[in-house]
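Q: Sharing a structure with you now.
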Amino acid sequence: MKLIALLFLLFLFALYSVGVSPSVYGGDSGDIILASWFGGVAHPPGYPLQTMIGWVFTHLPYQATVAYKANLLAAFLMAITIVLFFFILNKLTKNLYVSLSSTLTLAFTPLFWVYAHIIEVFQLNLVLVGASVYFLFAWREKWLAAVGKKGKDKATNLLRWSLLFLGLAVFHHHTSILLFPAFGYLILKTNKAFLGKKNLLKSSLFFLCGLLPYIFIPFAAFRQTPINWDNPVNIVNFIRLITRADYGTFIAASFLVGSSLHEKLLQLLNYILFLKADFTIIGAFFILVGMIYGFFWNRTVFWFTLLAIIFTGPFFLFYASFPLANSFYVGLWERFLLLSYFFIAVFLGLGIKAFYEYSTFFMRRKIKLRFFRSESMILFASFALLLLPFYFFLWNYGRSNLSDFKLGNWLGQDILSSAESNAIIFVLGDTTAFNSEYIYYTSEAYSNVKFIKGGPLRLPGYRNQVAAAYKDLNFPVDFLSNEIKDPGMYISSIMSENYDKYPIYAMNYYPNFENRRWISVGLLRKLVPEGIAGENILKLNNEVYSKFSYNDFSTPTGYEHYMSNHIKEIYYESTMNLVDELMTNDLKKEAINYARKAAALSLDKKDVYVKLGLLYMLQDDCKNSEEPFLKAHSLDNKDIFVLEQLINVARDCKGNADEATFYQKLIENVKLKAQPTFN
């Protein structure tokens with residue numbers, strides 16, 4: 001079995017490696033990659049175990065981007081996760097074919113497969129949880145079969161291994177604490193004496209060994225690498241880091257607390273929709289069958305699995321309440337489903353087991369063919385189980401392959417190249433800041449600018465880093481104070497004290513200054529004196545856009561994931577800001593060119609088509625205005641303003657009174673449906 005497991009691991013690692021991204025992705029992946037590369041301190045709670053393993057992978061001696069080497073770790077960790085799941089399911093079902101079919105199906109679900117190609121902290125968490133669950137089931141099996149004290153003691157060692165890995169998981173990623181109810185239930189169901197003082201003390205010590213990787217944190221902090229969150233060189237900062245005090249302990253982020261009940265319930269609906277999309281109707285059927293089968297087959301395993309799913313899935317999502325308002329938040333949200341998917345796949349396996357047992361029973365009892373022995377038919381049925389993962393493989397390969405994904409790197413490069421030499425660049429937002437930071441430190445091309453993340457300026461540790469890195473800048477008097485303060489105040493102060501010496505650029509935060517204004521330049525905005533001519537703005541942007549890595553917005557970027565869509569939205573918003581600015585400066589023809597560029601991103605945003613239509617009309621190009629207005633109408637058929645423009649086109653441009661009347665009737669219908677009804 002060990003040889004089979006090793007071969008299976010190598011097979012999965014090789015398969016996953018094919019789709020590994022050479023680029024940073026989005027969200028906080030840039031921070032994770034750089035922390036590994038520098039051997040620094042990642043964002044709270046620091047992720048020391050991830051950083052140490054990541055350091056090894058990012059310093060492997062072969063030619064590749066730092067991001068690729070870091071992302072290769074994701075492929076390795078997910079391969080281990082899948083092998084551990086195979087061991088768990090094989091221990092439960094005692095059926096090699098069922099275990100293999102279920103395991104490969106999980107391996108080829110879109111969510112698991114995508115996260116085998118991009119590094120995050122969730123993959124290592126799955127490995128640690130998987131190891132813990134395996135030892136937990138191994139302990140239960142051995143404990144129930146053990147005879148005498150000696151046998152029980154040997155079994156208890158397996159439980160301690162389980163608690164050690166659970167401790168590593170909990171202290172690596174706090175969401176693993178949600179497994180406590182499931183673990184507690186199974187442990188007490190197996191051995192009620194577990195709560196004895198002596199036994200509990202020993203077990204707690206093994207669990208607390210999960211803190212050992214944090215010995216690395218002070219060592220990394222004293223090295224003062226560029227990635228050194230909270231500067232944990234003293235006990236106060238260390239505790240602040242590991243408790244995630246900057247975000248809110250045991251919550252995804254402090255700003256998420258307090259969502260309405262309606263928004264919380266939407267989390268559950270989205271969870272169900274994601275399950276259906278990732279496992280398909282066929283997979284959902286097997287999961288449902290597995291739940292029913294599991295309830296009658298083994299109540300302890302059933303309740304353990306159900307508790308694990310409920311607390312890591314619906315309960316956590318209801319509690320955390322991510323605002324699913326855009327692609328960025330959905331892209332963050334989906335990563336938190338990985339842990340619950342791991343346990344849902346147990347029910348998938350039990351469903352396949354039930355199907356296999358019924359099929360083989362039916363073949364033995366009901367089918368009698370002289371030329372086809374029942375054993376051969378059962379073997380055929382066993383191999384037929386592999387049809388489900390094969391279908392998942394074919395369906396999801398293209399959707400999960402990120403080997404050609406470069407958008408993350410392009411974004412960082414294009415943000416930095418939007419500024420001139422010797423400029424100060426302030427960037428806020430996870431994807432924009434971390435992707436830019438990754439490019440800034442892994443490429444020598446941008447060493448001539450001063451890069452500052454806006455959000456972390458609230459933290460004393462980061463302010464000290466900035467002051468040490470850019471000693472030629474003027475800083476406010478209290479910049480090096482040990483207080484946590486509003487970052488906007490420091491951004492404004494640094495800008496005002498340095499804009500006479502250095503060009504100032506920003507992204508996502510633009511304070512007002514007397515006699516100065518912000519103009520769009522590429523993906524950034526530049527602080528300039530009042531009165532700059534529109535032609536100069538156009539010339540500057542033509543030059544910057546021509547140097548973009550993502551130069552042709554119509555370039556295919558592969559299957560659209562939430563994060564890739566989010567990155568495109570960043571380009572879209574910046575380009576549309578430029579369109580508005582060009583319109584204000586009466587540069588209509590040039591505004592049309594940039595609006596068409598924004599439309600080429602294929603994000604189905606209504607406003608770009610409305611503006612295109614209006615711009616054509618302002619150019620007296622009535623003919624070309626119809627197409628963008630029709631596109632806007634297809635995206636929102638209740639927009640009265642768009643319908644009014646289509647009336648103008650039909651009446652004034654085409655001279656078609658019937659068509660104008662048709663659109664007028666549509667307006668009347670929209671207004672009628674919008675009126676309140678009283679019963």
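Backbone N, Cα and C define each Cβ position, glycine as well.
Annotations per TrEMBL:
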TRANSMEM  70-89  transmembrane segment
TRANSMEM  96-116  transmembrane segment
TRANSMEM  122-140  transmembrane segment
TRANSMEM  161-188  transmembrane segment
TRANSMEM  200-221  transmembrane segment
TRANSMEM  241-262  transmembrane segment
TRANSMEM  268-289  transmembrane segment
TRANSMEM  301-324  transmembrane segment
TRANSMEM  336-356  transmembrane segment
TRANSMEM  377-397  transmembrane segment
Q: Which one of these stretches, 161-188, 200-221, 268-289, 301-324, 377-397, has the most C-beta pairs shorter than 8 Å to the transmembrane segment (96-116)?
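A: By the under-8 Å Cβ criterion, the transmembrane segment (96-116) pairs most with 377-397.
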Q: Rank 70-89, 268-289, 301-324 by Cβ pairs under 8 Å to the transmembrane segment (161-188) and hand me the top one.
A: 301-324
Q: Would you mind listing the long-range same-chain contacts of the transmembrane segment (268-289), meaning Cβ under 8 Å and 6+ residues beyond its ends?
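A: Contacts of the transmembrane segment (268-289) (Cβ under 8 Å, skipping residues fewer than 6 from its ends): 105, 109-111, 313-314, 317-318, 324, 333-334, 337, 341, 344, 347-348, 350-352, 354-355, 388, 391-392, 395.
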Q: Could you check whether the transmembrane segment (70-89) packs against the transmembrane segment (200-221) - three or more CB pairs closer than 8 Å, residues at least 6 apart in sequence?
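A: Per Cβ check, the transmembrane segment (70-89) does not touch the transmembrane segment (200-221).
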Q: Hey, which bits of the same chain come close to the transmembrane segment (200-221), Cβ under 8 Å, at least six residues off its ends?
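A: Non-local partners: 39-41, 46, 48-49, 51-52, 159-161, 163-164, 166-172, 194, 228, 231-233, 237-238, 241-242.
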